[in-house]
């Protein structure tokens, strides 16, 4: 069935009976655009393929209706928040519950995954915002400042900020590295429903039930433009991937907006009602809405929707000339891969959680996790959606055109035959040169590996007669980072071996590893530092913050000195981590994750 108004731009895709009772939350997977998750009053989370009407998997375990859902960027995890305030994280590939995160005292109204690492932000009816470390079930920060329910959360593309929108008509911008409020944006006259970061520029868009969309400059902390139309309240917004325009979902239409100056490029009539989420895939905008127990998906062909001033619609003031849109990438605002802006305005507060909050949940929570389960309804669809992501293409196809087919009668004089013979002889020469290069370094490599093996045997002998601390001491004394790396790779696999004494020895070595030119050394250093931060940083900060003891307690004094030494070493390492947090790729992501964990040191 086609959309009744504009069939050339929008068509209706599917209606599904998503739950046995009312649907309360719907979210799209942003990575592929193929996955849809729904939460209902029946306390279930159902996973669907957008193009198929059958449920792939059903996740159970919550005991109250699902109020909020979010899928992580690579679509391997999904987090669900319930009306009771409980949060559960599910591993979709393993089809099991991964974590239960207790802490909020009321409905979970909003959730969002950090773009790097295993972190989740949650906003609640209790007005608090919490930042969670999914792997260790821990709450890192609790941000306090909103006066009413937090309806939407969004991390910035660089992962350093989180923006929150609430029923108190405000939008707040929080600095995760400093753990404080950066700025509070005011101007909306109704509850703010949605907020979204520009993919490149320091720009933020917010939509409110007062039927306005505002654009905020995050460098100057001021409003760029405000779009006001006689439309229904804004339900969801999404920047185009190239950042040229903003797609805004209203009850009866999709509107395409620009800013500087404010203008509307197009209005696509889509009677999708309570539209809940938008996603873009293959130059198509996918929207999902829900009513009672039914979820509907819609598709808009973006190739037919203008996102420039070719045919402007309304919102252009008669007394002002039309200003051409700023080309992509030429904005005067900064982009996210540059140093972040600092701002000291802050009347709200952030709570660093106590040791009791950092510990794992109680046995009751563990029992809840065991009782949670995933029911795979359609095994074929489940494998199609989740399993292919594990496949590794070892030889990517080359983006070269195939040679044109020969004309009739030319097979006898095919130039490709001569080319193949010539190429074969060249290949043999190349292979011979390669083997020569390999043999040239063979003797040197044998000497290096023999020396390394001898050093490892010495460390192993110490370990067999003593403990891990003395083994590490001997490895450090050899003054060979490769031996330290080999030993740490073993110790990292067994967290129970780690003690505070070990940290004082390892941290100076980690600082060297993080600055190494070898990727494997950097990776081992990151893994060891992450383990230390997770297991010992809360203990170190608590001991240093505790009041001095009365009387003589030698063991406590020794522990205090070790904590002071570790704290000093971690401060030195934090400078290295900050300098490398701007890197791209896997290591950049690891350093940004470490920077978040080390935020309590500032």
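Each position is counted from 1, following the chain as shown.
Backbone N, Cα and C atoms are what each Cβ position is placed from, and that goes for glycine too.
What TrEMBL says about a protein is an automatic prediction, not a curated fact.
Among the features that TrEMBL reports, compositional bias 'Basic and acidic residues' is placed at 352-386.
Annotation source TrEMBL lists domain 'Katanin p80 subunit C-terminal' at 440-598. Confidence over the domain 'Katanin p80 subunit C-terminal' (440-598), given as mean pLDDT on the 0 to 100 scale, stands at 85.
Annotated region 'Disordered' per TrEMBL: 310-414, in sequence order.
Nonlocal intrachain contacts for the repeat 'WD' (16-58), taken as residues 6+ away from its ends with a CB within less than 8 angstroms of a stretch CB, comprise 64-71, 73-75, 78, 80, 82, 90, 92, 95, 276-282, 284, 286, 288-297, 374-378, 381-382, 384-385. As annotated by TrEMBL, repeat 'WD' applies to 16-58 (among others).
Summarising the annotation, TrEMBL assigns repeat 'WD' to 59-100 (among others). Break the repeat 'WD' (59-100) down by DSSP state and the numbers are 0 helix, 24 strand, 18 coil.
Under the heading repeat 'WD', TrEMBL lists 101-142 (among others). Remote same-chain residues near the repeat 'WD' (101-142) are listed as 67-73, 77, 79-89, 148-155, 157-159, 162, 164, 166, 174, 176, 179, 350-353, 357-358, 360-361, 365, 534, 588-589, 592-593, 596-597, 599 (criterion: CB distance under 8 Å, separation of at least six residues from the stretch ends).
The repeat 'WD' annotation in TrEMBL covers 143-184 (among others). Summarised by DSSP class, the composition of the repeat 'WD' (143-184) is 0 helix, 24 strand, 18 coil.
Beyond the ends of the repeat 'WD' (185-226), by six or more residues, the same chain brings 148, 151-157, 161, 163-173, 232-239, 241-243, 246, 248, 257, 259-262, 328-329, 331, 333-336, 341, 343 to within a C-beta distance below 8 angstroms of the stretch. Among the features that TrEMBL reports, repeat 'WD' is placed at 185-226 (among others).
Secondary structure by DSSP for the repeat 'WD' (101-142): 0 helix, 23 strand, 19 coil.
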